[in-house]
């Protein structure tokens, strides 16, 4: 038990090292997964670690009534089988790189269908209860509290669903930088070599699953052609032969002439603006001329300004307003006089009628 608690299982063991943060894989990366030889001799019972520890103790039947005896019994089973589980999970994995890469490539090449369900990959004839290495259906209480915590996305080695294949991808960095992807794959337990193992894939190149950034989108249309001067300036320091320089000098004018003949000349912004300004100036002059002619006509209607040749617009408006008030008063006075004359006319008609009756 003490040996299992303090014995390290990998070469170059470093407690403070976090190999998930590594972004530069090397040829010796799989040496991290080269396991130290097991502390016991690998004999006929090496494939099944349960046989090397002897027969399993029978399930307790008469301990349901006494809680203290049950707790002591569970502690004894915990001390016995925790070591067995750790040995089974740590010493029965891959020890070389080629079988691991072959298994992963086969698994990823086959791929899961769209309607993937983990139960489709389970073997119907296989009974986990009969396997000595799978203790989940026999000891659910012991395996419910794992001793060693795995990473947040990977499953614990003592998971009860051993016959299922689960692939989990973990992304630790942003899309713009290189990031390792941790994949946990669980294979069939019927094969003694296929057990839970962890691999770390470092993405060195472009992540093809990531969306394209906006600046990398392809622009529609043909690219703009370089002017002849810029083309000559860029090609001159290249150190090419004289013949190539002559070809470069002669080609751009032909392309420019073809482009000018095919494409119509666009209207320049200055010409457009000048046309708009010219039309606006014409309308403004017309408005001012109409206004001036109207003011001159109004000045001629006002008797006080008829003899004045140069009068401001404000003076014309003031005198015209006063003249309108005078005309309104004269009209009212004339209307009153008209009513008086109408009244006198009626009185005279009545008098004529009275005198004609005699």
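Cβ coordinates come from backbone N, Cα and C, glycine included.
Model, not experiment: these values are computed from the prediction.
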Swiss-Prot annotation (region 'Disordered') - matching range among 84-105, 106-127, 128-149, 150-171: 150-171
For the region 'Disordered' entry in Swiss-Prot, name the matching range from 57-83, 192-218, 219-245, 246-272. 219-245
Tally of DSSP helical, extended and coil residues in the domain 'bHLH' (274-326): 45 helix, 0 strand, 8 coil
Restricting attention to the domain 'bHLH' (274-326), give the mean pLDDT. 91
